[in-house]
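**Q** Questions regarding the structure given below will be posed in turn.
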Amino acid sequence: YSTDFEVHRNWLAITHNLPLSQWYYEATSEWTLDYPPFFAWFEYGLSHIAKYFDPKMLVIENLNYTSHATIFFQRLTVIFTDILFIYAVRECCRCANGKRAAKDILEKPAFILAVLLLWNFGLLIVDHIHFQYNGFLFGLMLLSIARLCQKRYLEGALLFAVLLHFKHIYIYVAPAYGIYLLRSYCFTANNADGSLKWRSFSLLHVTLLGLIVCLVSALSLGPFIVLGQLPQVISRLFPFKRGLCHAYWAPNFWALYNAMDKTLTILGLKCNFLDSTKIPKASMTGGLVQEFQHTVLPSVTPLATLICTFIAILPSVFCLWFKPQGPRGFLQCLVLCALSSFMFGWHVHEKAILLAILPLSLLSVQRVKDAGIYLILTTTGHFSLFPLLFTPPELPIKILLMLLFTVYSFSSLKSLFRRERPLLSWLETIYLVQLVPLEIFCEILFPLTPWKQHFPFVPLLLTSVYCALGITYAWLKLYVSVLTERIPVRPKAE
């Protein structure tokens, strides 16, 4: 089992045994509580069921405790909470574009979308093999998206506000929600040329949205504000001392940046441009979650990543405001916000790629261009999750599961858009095919070489950097598609 088993076991113990005032101070384990209060209350509720399975799992001092009953209980809770995800997928499928008539139900966009979401390889291995509770969290996000598509704006806003107080990583897509609600709900009409009619501004609608945000935030953070512990909660939610990269480099811009720094360092040493005695001994590829200084390139600070993320998100937000396309434009902006934060965020986890993959699934069944981008992002993003499952028995499982999902994704979307242009260019196809020899080298050939003893990080480095190229390409291609798209003018009625 993964370290996340111990993380959540410890959170069960903390919330079950300690008063609220000590939840965000307890530090017996290195896996301290670092999720927002709603998730802490979620763990508190589960702990009162857990005591009937194995009370020993609720002892704070029982670090790294495990038992068959503990594992069964934690696995069962993930499966049970996935009910919300299943319901959310059903609601999203009801919003799927139904213009493409198909006699066979297997070729209908709604059915394909349901399979792409419910059978998503990344979510399956992260939640049900590695272990996390992403299913019901993504269920909240997809349900909020469905409600916005159904023009049930207040319900969508409420669901997203609740989601933010379950897991704060979703704050990266908050600009998409904020701008879309402001443009579509707070302003009720457009001019004939599609521009905003400023006189249509509704103070009532803004007030209702503000009340939802304030009430949810008060319910979540209010007790800690009363206790004077809000700064402590914030410091736990945003631990900037953990370093730029996670233990395994997420395949983003900083992976390429780090790789470039390492390459320049090696070249500098060989050419005697650098003094080996002045180079830090710690390696950023060694799997340590700490703060490191780059050797050749400028070191990156949390503020620098925040600025880069803000700049990367900005064009998508402008498009959502000035080139409104309804739910489709909102989804495009949401995916770009998720990808931009993944590309440039501080201490990004590799699992965060799912934040872009799942909503992009909704776009993939609507247009062939989006389907092609989806296939590139999904294949590379899912492949980058392989290092999460690193034991020999898990090797055939992850390969088979990804193969099944990838084959279905390609075949179903190809069938859906068979009358249009090819989904991928030949260069894109070659890039994806190269993932096969990369996996063979990393899993089979490299362990047999003497390099394994001296350079154990090489497989992770190669996987991260190669996948970063594909994810960066998909991000840029989606951005170009959004920025160059011409929007037909459809005035919004009063």
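Even glycines carry a Cβ here, placed using N, Cα and C.
So TrEMBL says this about it:
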- 71-89: transmembrane segment (TRANSMEM)
- 110-126: transmembrane segment (TRANSMEM)
- 156-182: transmembrane segment (TRANSMEM)
- 202-227: transmembrane segment (TRANSMEM)
- 303-323: transmembrane segment (TRANSMEM)
- 329-348: transmembrane segment (TRANSMEM)
- 396-417: transmembrane segment (TRANSMEM)
- 429-449: transmembrane segment (TRANSMEM)
- 455-476: transmembrane segment (TRANSMEM)
**Q** Go through the chain and flag residues at least 6 beyond the ends of the transmembrane segment (396-417) whose CB is under 8 A from any CB in it; none is fine as an answer.
**A** 100, 106-107, 109, 112, 115-116, 119-121, 124-125, 129, 364-365, 368, 371, 374-375, 378-379, 382-383, 386, 389, 423, 439
**Q** What residues elsewhere in the chain lie close to the transmembrane segment (303-323), defined as a C-beta under 8 angstroms and at least 6 residues from its ends?
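**A** Cβ under 8 Å, 6 or more out: 172, 175-176, 179-180, 183, 244, 253-254, 329-330, 332-333, 336-337, 340-341, 343-346, 479, 482-483, 485, 487.
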**Q** Go through the chain and flag residues at least 6 beyond the ends of the transmembrane segment (429-449) whose CB is under 8 A from any CB in it; none is fine as an answer.
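**A** Long-range Cβ neighbours of the transmembrane segment (429-449): 375-376, 379-380, 383, 386, 395, 399, 458-459, 462-463, 466, 469-470, 473.
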